[in-house]
Amino acid sequence: MDDEVAELKKSGYALGALLGEGSYAKVKSAFSSKLNGRVAVKIINRKKAPKDFREKFLPRELDIIKWIDHPNVVKLYEIIEFNGKVYIMMEYAGHGDLLEYIKLRGAVPEDRAQTMFKQIVYAVAYLHGQKIVHRDMKCENLLLDCMNNIKISDFGFARYFEPSDVSKTFCGSAAYAAPEVLQGIPYHLPSHDIWSMGVILYIMVCASMPYDDSNIKKMVNQQLEKKIGFSRGKKLSLDVKDLVIRLLEVNVKKRPNVAAIKNHPFVLNAAAQNGECDQNQQASSSSDRPVCRKDNSFGSSLKIDLTDKVRLKER
């Protein structure tokens, strides 16, 4: 631990409180003297990480996150590798994640949900435009800054794709997974993100899951039967209901792409977004590319998934 503190101090970081911990990774806050502000540090222990994570997902993620630059995606500042551990210095999102926000406050008011969801749509449009799919879109991976702007995090299952690509690797979180993924059917990569966005939007405005995820087989049947219920006690606009139904379209060929979603009335009518944060609370976001330094290992990632990612069966 002393070596860790000393090494990070040389690089201008002073570790702070533990923010979260999983089986082979944890997240701490830190102060960066170079950025003159707070950052989040994800620490991955490569010795404890599974082989497929070390050899497949981790290097792929590192390659992706180094080049992502969008205001609604968590910014990477630097990667330090030391003594079998990987330290990812990234933007600090001071208001936790979207799931915590909803648990604390209940359903997001529709006008606020419009703004938040528009940020998600434009961030995903940017990623898909860069030929990147996330594959683990969920409320826990949507962080909030001090102005409650969305910051997409955790690219552990992300990959590059071509328009004709389908995937046979089934990964992510079951509650947010498209039916074709849960059924083991090779799937169109961007369409998986779109379905997950539909689940996220439903959770935002209803404060509940669209399907009962306690039984996966039963949930798939509900999805295939297009059983989406909206509580009569919640006054939701026709626009938001229509968009949820379109995003949770079982037929992949009918499911909209991000370009179509951007032109949906619910997104078009969203208010202006992206406020400014107090720079004393958070390190400023430089447009410079992140710095990567090595010490006999490699790595990356953004926000830790505290439940440890549930990767569905690979086929």
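In case you wondered, yes, glycine gets a Cβ from its N, Cα and C as well.
Listed in TrEMBL for this protein:
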type: DOMAIN; residues: 13-267; note: domain 'Protein kinase'
type: BINDING; residues: Lys42, Glu91, Tyr92, Ala93, Gly94, His95, Gly96, Asp97; note: ATP binding site
type: REGION; residues: 278-299; note: region 'Disordered'
type: COMPBIAS; residues: 278-288; note: compositional bias 'Polar residues'
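Each of the binding-site residues Gly94, Gly96 was scored by how many other Cβ atoms lie within 10 Å of its Cβ, and the smallest score goes to Gly96. The local packing around Lys42 (ATP binding site), expressed as other Cβ atoms within 10 Å of its Cβ over all shown chains, amounts to 25. Between the farthest pair of Cα atoms in the ATP binding residues (Lys42, Glu91, Tyr92, Ala93, Gly94, His95, Gly96, Asp97), the distance is 17 Å. Here the domain 'Protein kinase' (13-267) returns a mean pLDDT of 93 for the predicted model.
Within 10 Å of the C-beta of Glu91 (ATP binding site) there are 25 other C-beta atoms, taking all protein chains into account. Contacts of His95 (ATP binding site) defined by a Cβ separation under 8 A and a same-chain sequence distance of 6+ are given as Tyr101, Leu143, Leu144, Asp145, Cys146, Asn148, in order along the sequence.
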